[in-house]
Amino acid sequence: MIRVAINGFGRIGRNFARCWLGRENSNIELVAVNDTSDPRTNAHLLKYDSMLGKLKNVDITADDNSITVNGKTIKCVSDRNPENLPWKEWEIDLIIESTGVFTSKEGALKHVNAGAKKVLITAPGKNEDGTFVIGVNHHDYDHNVHHIISNASCTTNCLAPIAKVLNDKFGIIKGSMTTTHSYTGDQRLLDASHRDLRRARAAAINIVPTSTGAAKAVALVIPELKGKLNGVALRVPTPNVSMVDFVVQVEKRTITEEVNQALKDASEGPLKGILDYSELQLVSSDYQGTDASSIVDASLTLVMGNDLVKVMAWYDNEWGYSQRVLDLAELVAEKWV
């Protein structure tokens, strides 16, 4: 059992906490939360969620310094500088770094300077010791080497399992990805200044093209795809659940049925629970609360000229991603000596 603290109790921080509360036989103990908001507000937002609904069968209370969940006290602190946090005093082993601010190794090491032993960044990292996508390269995690780690992005977690299947089975020559992505907290509700002029526009009434490093980041977990993938994002007026549109040129000639069979076999075998496969005629809201990283929509798979393959897949960019953060934290806990 390792002692864990969450830094940043926003969408991913709270989703992670809910995932942990629902996980039986967890090897981690949630000990503390650092957030700029006060414990009572955070307790309220944990219990009542516009996407997930009310947290049922859980008793949540709060005071000035803590949140209590079913009798278990989670200490709360509020400091924007990680080096000031009481991680040494509270004997914290692992930080779930979900502020979106301290994503570089230099930034994450501030938690280590404060006494934590390891940091798991819930975003693409910079100069981190390793990036891991569960189901793709998690077996490469080395407890003695990887201290500042990244769980990549929600989109990379959706894309990488599909890329792995297609590359292993057919060989990827090159490809591109478009993610139709729900709006996030990094956009403006109404037109207002932003470093990205498109993200400056009202999120709930616009389709907002923007950049994403998700496709390039696949090479961090599947090195043979380095330089072969790129992509863009379209932020759309939905609050959650996104969709990847992945187009690749492959070495081995194939047909639609063969591509779908390869994806289905993976979903029932080595990638079970990570990659799902659906032939149902569903829409985005149907996938709210889905645990899998990626759900292939088989009816949308296309093959042109036997070598151009298009696969589309849904993902819950909050809940599904947070489940993988918890999975990676559990992996770290299992390797702890």
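Backbone N, Cα and C define each Cβ position, glycine as well.
Feature annotation from Swiss-Prot assigns NADP(+) binding site to Arg11, Ile12, Asp35, Arg80, Thr122, Asn317. Packing around Arg11 (NADP(+) binding site) is summarised by its Cβ count: 22 other Cβ atoms lie within 10 angstroms of its Cβ, all protein chains included.
According to Swiss-Prot, the feature D-glyceraldehyde 3-phosphate binding site maps to Ser153, Cys154, Thr155, Thr184, Arg199, Thr212, Gly213, Arg235, an assignment based on similarity to another entry. For Thr184 (D-glyceraldehyde 3-phosphate binding site), the count of additional Cβ atoms within 10 Å of its Cβ stands at 17 [all protein chains shown].
In the three-state DSSP reading, Cys154 (D-glyceraldehyde 3-phosphate binding site) counts as helix. Cys154 (D-glyceraldehyde 3-phosphate binding site) counts 28 other C-beta atoms within 10 Å of its own C-beta, drawing on all protein chains shown. Look at Swiss-Prot and you will find Cys154 tagged as active site, nucleophile.
Per Swiss-Prot, site 'Activates thiol group during catalysis' is recorded for His181. Annotation for His181 (site 'Activates thiol group during catalysis'): same-chain Cβ neighbours under 8 Å, separated by at least 6 residues, are Thr155, Thr212, Ala233, Leu234, Arg235, Val236, Ser242, Asn317.
The binding-site residues Thr184, Arg199, Gly213 include none with a CA atom within 10 A of the CA of Thr122 (NADP(+) binding site). Per Cα geometry, Ile12 is the residue among the binding-site residues Arg11, Ile12, Asp35, Arg80 nearest to Ser153 (D-glyceraldehyde 3-phosphate binding site). Take the binding-site residues Arg199, Arg235: by the count of other Cβ atoms within 10 Å of each Cβ, the lowest one is Arg199. For Ser153 (D-glyceraldehyde 3-phosphate binding site), the Cβ neighbour count at a 10 Å cut-off comes to 21, with all displayed protein chains included. With the fewest other Cβ atoms inside 10 Å of its Cβ, the least crowded of the binding-site residues Arg80, Thr122, Thr155, Gly213, Asn317 in this structure is Arg80. A simple way to gauge crowding: the CB of Thr212 (D-glyceraldehyde 3-phosphate binding site) has 22 other CB atoms within 10 angstroms, across all the protein chains here. Cα-Cα distance from Arg80 (NADP(+) binding site) to Gly213 (D-glyceraldehyde 3-phosphate binding site): 27 Å (rounded to the nearest whole number).
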